[in-house]
Protein chains: 4
Amino acid sequence: MIKEGDKVLLYGDDGSKIIITVEAGKKKGTHLGHVDMDELIGKEYGDTIVFGKNNRVFYILKPTYIDLIFNMKRRTQIIYPKDASYILFKLDIKPGDRVIDTGVGSGAMCGAFARIVGKDGKVYGYERREDFYNLAKKNLEYWGLIDNVELKLRDISGGFDEVNVDALMLDVPDPQNYIEQCWQALKGGGKMGIICPTTNQVQEVLEKLYEYPFIDVEVWENLMRRYKPNPERLRPFDRMVAHTTYLVFATKVLKK
Amino acid sequence: MIKEGDKVLLYGDDGSKIIITVEAGKKKGTHLGHVDMDELIGKEYGDTIVFGKNNRVFYILKPTYIDLIFNMKRRTQIIYPKDASYILFKLDIKPGDRVIDTGVGSGAMCGAFARIVGKDGKVYGYERREDFYNLAKKNLEYWGLIDNVELKLRDISGGFDEVNVDALMLDVPDPQNYIEQCWQALKGGGKMGIICPTTNQVQEVLEKLYEYPFIDVEVWENLMRRYKPNPERLRPFDRMVAHTTYLVFATKVLKK
Amino acid sequence: MIKEGDKVLLYGDDGSKIIITVEAGKKKGTHLGHVDMDELIGKEYGDTIVFGKNNRVFYILKPTYIDLIFNMKRRTQIIYPKDASYILFKLDIKPGDRVIDTGVGSGAMCGAFARIVGKDGKVYGYERREDFYNLAKKNLEYWGLIDNVELKLRDISGGFDEVNVDALMLDVPDPQNYIEQCWQALKGGGKMGIICPTTNQVQEVLEKLYEYPFIDVEVWENLMRRYKPNPERLRPFDRMVAHTTYLVFATKVLKK
Amino acid sequence: MIKEGDKVLLYGDDGSKIIITVEAGKKKGTHLGHVDMDELIGKEYGDTIVFGKNNRVFYILKPTYIDLIFNMKRRTQIIYPKDASYILFKLDIKPGDRVIDTGVGSGAMCGAFARIVGKDGKVYGYERREDFYNLAKKNLEYWGLIDNVELKLRDISGGFDEVNVDALMLDVPDPQNYIEQCWQALKGGGKMGIICPTTNQVQEVLEKLYEYPFIDVEVWENLMRRYKPNPERLRPFDRMVAHTTYLVFATKVLKK
């Protein structure tokens, strides 16, 4: 049963999605019309609500984490679901893990780690830009994940506070300059993932990685293609995302 | 510190990987030579061990979940990391969730769910073939994940025992025949993922999905490309996996 | 030396392309400004001309066939260079060949065949819609290729006039209904290419192909990815064409 | 009607392909059995022949150019049909063109140009390794294309003999070192295509291209995916070619 304070996703038949937080006795203005939020209270997820000038039907859903990050205020440099999910799996993230995420940006990847490590784990988020730090803090609070995260407003060139972390994600403009710091923070056998949007960065990062005791170095890219869900005329959509980033993975060993 | 009973991955410089369970006072025969397991005890992850006729160096790592599933006895119809990770993310799996997985097969996806839902959640695994059921049971025990899973040896044509599950994965030869049963088991707003290796299956599944109250139907495929990690000659490997499966996703609503 | 009647492509530094036919004593209005065509006469290809309110520099090039087809009036259902080029190669088109093209549409593929078969070969173009027939005729005249083509305004359900053609391209909404007619027109060992935008069409076409003496049946799709040509930040463009069509190829034999 | 001296492709139902040149009164030994070539004489293309210990049926076809190049003695660094066809189209090759191809290698691309430019055009093939030069000569003779080609055994660092060529293909290990020579040989508006297997080469070539009067610089890669031609279970083959080369294209202008 939906109650005050819940986040709900209103899903229209044309695929439009609106996320709102339920407040009793209030109306919420959206670009598709005004929602009387009292009508939501007491309904079940999967139920419908009608609003807007054309009395359109919307399904009431619980927003997924993907819904939440695509709904964020700021979406520049957002990490795509295709990449975020693969990173979680390759870095072997599980409940209880201790993970460093840097730079935090708007916090989407930080939150993705935080959801999985849970209350027994911890995500250490490093961000040097105050505007991003504040945005990420606000987003993580809104998503209800801030308790699993320790956000730090500072540069990483002097190294990280933590040692023996299970995994680390490096998403900064010059990743090749922080390979040593990452090595220091990871536990033996710990996993690192690095975001490299250009081939030049991949080359620079690889060169640096080979100077330190890292093994099992892999470089991947991920092309997701979506199909029009029409059983009579099944075919891909006309256009697709061609590139987000290359993903570099490596495993720390004690010496080489 | 590595101790008796731990699973360790021995990683050779050529990328070879061997997983063994440490037993004190014993030697383990592998295709690369005999490992004196007493030498492992007391070492740290990230450390090295030397064995084999050429005294090759191997790094001692903790196997990831990907390492474990690629090391399974039976690998037919294994779900690939690229697909498994995307399913986890699209089905919005998190600690505490209740998830149905059917058919279980060798248990790789069941275990992937189990790792994330944790001890506060539960995976209900349905498998009708006894050989697969036994194999999955053995694998899940070996991976230490069986406590989060309730395995059931039975057909799903009569429906599932559970209702109101958060998510459900359908991986059977004739998914189009079980759409109603899946709808019954899901909660309002619950997420379903369906494995369809052929375009014909996608078409049949889509037709059926539109007969039931499911919305937000998406069809995806995932092409992962790996690069040779050589900074001087960066380029993809010559060949890649071209196809594993199409992934169909849908969300249950109460009525349409 | 550029002279009256030549087609020239004016190429701006931002990648903009304008194609005009040179007429002495006249100005040509374009969306980028007025071109005094007398200034073009006597210049060489590769030279520059300045025009427009900002005195922008444009390079004078001879339009390629790709330039010409992307500059056509009507661009719906245009065959993409990636597909057109592969079809030419797979159908083994060379000077002197006799080729059937149906439906002709706006004539782009017809012209692609005509350029290669040359004056010793012939393209037989079948089109049943009068508007397309007229458009294709106009385009082929404009491209200077009409002499190599015999355009026919008529339906193909009654079969083709030609027999023993070297190759045939079938690009109609219901290709599965004309497989027999195609078989009749081809020579022994002749090559057929079929445009199938959806997986359903591929399935239907394959079923029909197996009822007739066709061998070496292949189904392909072509994903071209373009990179931003920046040596310091080499990476693909953000988006790409995800799908145009599946391509089905088959070879006629006399009996099966 | 097949006669002495013809090249024929024998196509088995399992997709096996054998190319032989018909000689009267002789038997040809193949890995699938002995072919009595007198049986071929007088048959039509598309007809069948039976040979081998299991009396297998083979279809008699005329080999396509793709068949011929995949049947060549030496196949290292062969240019793939997907790339060869796109190069022909992007370089706008047509009957009568004058084209430089360097390095010639085993001659496959040289022959692809030669087939299209025809007897009114000419391909100038530069190769500095004598073994490749001899191999290409032999292959081009065998394919009946040598008359359209002028093969030269020499290095290109001193430049090309020709000027004002319509198009040029550069396929050497260090393409970045010959950009000036290529510019000299091309006509104004002439097209160049460059084979760059690695991202590092693309970067180096782009840097050099921008030092000379070249415009319309494009970088592409081509992913072809083949499907199992089964109408009941339509899906891609499990594996595919992931990478052959990046293709760089540019157009010469007189000055910049």
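In case you wondered, yes, glycine gets a Cβ from its N, Cα and C as well.
Annotated in TrEMBL:
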- B:Glu127, B:Asp155, B:Asp171: S-adenosyl-L-methionine binding site (BINDING)
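In this structure, the binding-site residues under consideration are B:Glu127, B:Asp155, B:Asp171, and the one with the smallest number of other Cβ atoms within 10 Å of its Cβ is B:Asp155. Maximum intra-site Cα distance, S-adenosyl-L-methionine binding residues B:Glu127, B:Asp155, B:Asp171: 13 Å. Other than the site residues B:Glu127, B:Asp155, B:Asp171, same-chain residues with C-beta atoms no more than 8 angstroms from the centre of those residues' C-beta atoms, the S-adenosyl-L-methionine site, are B:Thr102, B:Gly103, B:Val104, B:Gly105, B:Tyr126, B:Arg128, B:Arg129, B:Phe132, B:Ile156, B:Val172.
In the three-state DSSP assignment, the secondary structure recorded for B:Glu127 (S-adenosyl-L-methionine binding site) is strand.
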